[in-house]
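Student: First, the structure itself, so that you have it in front of you.
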């Protein structure tokens, strides 16, 4: 096979892959129902397409402090803050039993690259602040100080599809997957760079993963935020781990903006 054909194939792969938020709604692949008792740091980002339309859950996020939510840049890039709501303390997608707050500011990473999904991290500033001190259903999560070791179990939470192009569920889901070596991840995604700002996790046999609608949600290791759901090839496919924003890599960036 000559170099021209290889380049064409690589380009087709690149065009075919997208952020996992491309089709919001649904739940984690291969996971199980959970409640916000175990995931008090998880929030829903709900967005309306226009001032006259209704809000719908489009991405996840996690609480860093009373006014700061971490999510994926592709969830908020080129969007208006006034068209978002954050819902905390509610594990039902579309439910209204939690605390609903408006968004005052969106801060996507200034070097976010939508083509290769690099620096796919953003902060969402809410107003009024979340009542963390008086709430039993929401809490902030600590940021991981360093990238987790290969093989360590990580927990993903979200409302994404149960399978590629699958059906949706109203209940928050969780699944555990191991952290994958970055070099092996790069071999899988040979047509797109796996940068220092990315972290990979998943099973070689597939079956467990984040999916459409989980974007912006947390990947947690030892009760600390290690990753943010970013992108992948399909959902839960063998030999294609999920790719996450590597939160430890961005800790200084986060600190400079909160």
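All residue numbers here begin at 1 and follow the chain in the order shown.
Yeah, the Cβs are placed from backbone N, Cα and C, and that goes for glycine too.
As annotated in Swiss-Prot:
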DISULFID  59-75  disulfide bond
DISULFID  185-200  disulfide bond
DISULFID  211-235  disulfide bond
DOMAIN    28-258  domain 'Peptidase S1'
SIGNAL    1-22  signal peptide
SITE      209  site 'Required for specificity'
Student: Looking at the disulfide-bonded residues 75, 185, 211, 235, which sits with the largest number of other Cβ atoms within 10 Å of its Cβ?
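Tutor: Top count of Cβ atoms within 10 Å goes to 211.
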Student: Take the C-alpha atoms of residue 200 (disulfide bond) and residue 209 (site 'Required for specificity') and report the distance between them in angstrom, rounded.
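Tutor: Cα to Cα, residue 200 (disulfide bond) and residue 209 (site 'Required for specificity') are separated by 11 Å.
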Student: Quick check on the disulfide-bonded residues 59, 200: which one has the highest count of other Cβ atoms within 10 Å of its Cβ?
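Tutor: The most densely surrounded of these disulfide-bonded residues is 59.
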Student: Given residue 235 (disulfide bond) and residue 209 (site 'Required for specificity'), what distance in Å do their CA atoms have, once rounded to a whole number?
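Tutor: Distance (Cα to Cα, whole Å): 6 Å.
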Student: Provide, as an integer number of angstrom, the distance between the C-alpha atoms of residue 75 (disulfide bond) and residue 209 (site 'Required for specificity').
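Tutor: Residue 75 (disulfide bond) and residue 209 (site 'Required for specificity') have their Cα atoms 19 Å apart.
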Student: So what pLDDT does the domain 'Peptidase S1' (28-258) average out to?
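Tutor: The predicted confidence over the domain 'Peptidase S1' (28-258), as a mean pLDDT, is 93.
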Student: Taking Cα atoms as reference points, which of the recorded positions 185, 209, 211 is nearest to residue 59 (disulfide bond)?
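Tutor: Closest by Cα: 211.
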